[in-house]
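So that you can see what the record holds, here are the features copied from TrEMBL:
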DOMAIN    250-374  domain 'GGDEF'
TRANSMEM  6-25  transmembrane segment
TRANSMEM  37-60  transmembrane segment
TRANSMEM  72-93  transmembrane segment
TRANSMEM  105-128  transmembrane segment
TRANSMEM  144-164  transmembrane segment
TRANSMEM  176-195  transmembrane segment
TRANSMEM  201-217  transmembrane segment
Amino acid sequence: MVHQYYIEYVLINIMCLVISIIIASRVNSDVGNDLEVYWYHFIISMVILFIMTDVTSFILKHQVIHLINGFIFKYIRCIISVIIAYGWFRFTLVKVNRKLAETTIIKYTSFIPVIITAIIVCCTDAIYKLTTDNHVIHGDYYRLQWVIPGMYFLMIVITVIEAARKTKSLTKKKEYYSLLLIGLGPSSGAIVSFFMDSLPVVVPATLASMLMIFMNLQDGRIHTDVLTSLYNRRATDEYLIERLAKAKMKPFIIYMIDVDNFKNINDTLGHKNGDLVLQIVAEAMRFTTKHYDGFIARWGGDEFIIVLDEEKVDQAENIINLMNYFFKYYLFQHHLSEDFSLSIGYKKCQQELKLAELYHQVDQEMYQQKEAKK
């Protein structure tokens, strides 16, 4: 008679497998930027593979299926657990510092622990030993398989805390710290497994975190413009309502940016190049505000918003000059006409205003700049 524990272990893993497949099928480019979605799919795929090898290894260990010994699946499961932690680290890095995540040194050095694990597992008896009668037993350093993933999660904690420390944006701080909560699932599961390896906690704990990430991405979808990966109108409204309430204590400058003759760009070059121009504006905004830790958003259509703390800006016009410079630079990089231009208006806000009034005033400033070019 099959022990109740065996049934529970297998059923829990099968349920997690089904849920993982459903989640994987629901994630597409609409819920995040390309790299976020890529690494999420990478992690969930590895989780699915981990569950399959874990269940197979468990069944073979309990001799329910008399086919082959499960040592191969144990080796694979051990390596996959480290790959999942690696994917989690890369996903976190993409969320907090995409440019660093794309550097060659990070791409290669962050994978080194996976290679080390594979060598230890496959070439030594440190984690698993194969006895003379072809049974798998724990090696002298069996629990090392949980230490290496723990190193990745430690790097995640350091990366997130450092990013949160540097940013002055409360929105960003909340987003970064939510990544720590998400990482609690696999971390706690690994700690429990370190002491009680027979309990099926790693998969459910990891899956819980995957669900949290999915909800996080869905929430980001509500506040993020898909084309440019900037904040959208809804996020801008929420942010400015918060800033306006504190405008007397913490004045700010709001810039409104409009692409001149954007309809003609779409009509003459096509919507694909029109979208590219909007993405170039977004990239120019990122570089312009890089050292100011500002809020940047696509307000709608071809209009964009920048919000900066007044105390950080020596001269408001310098931001406009920088924005125009980077816009022309990226047009050149993408082999587009440098005749395209931007109209930029700004408003210093040092007292409480209604949101609609603020938008109206900065919009008027922007259109004055546009009219002056005619």
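From the backbone N, Cα and C atoms, a Cβ is placed for every residue, glycine too.
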*Selection from 6-25, 37-60, 201-217, the stretch that has most Cβ pairs under 8 A to the transmembrane segment (72-93)*: 37-60
*Positions on the same chain near the transmembrane segment (6-25), where near means CB under 8 A and six or more residues out*: 41, 44-45, 47-48, 51-52, 54-55, 58-59, 62, 64, 200, 203-204, 207, 210-211, 214
*What does DSSP give as the helix, strand and coil breakdown of the domain 'GGDEF' (250-374)?*
65 helix, 29 strand, 31 coil
*asked:* Taking only the residues in the domain 'GGDEF' (250-374), give me the average pLDDT of this model.
replied: 88
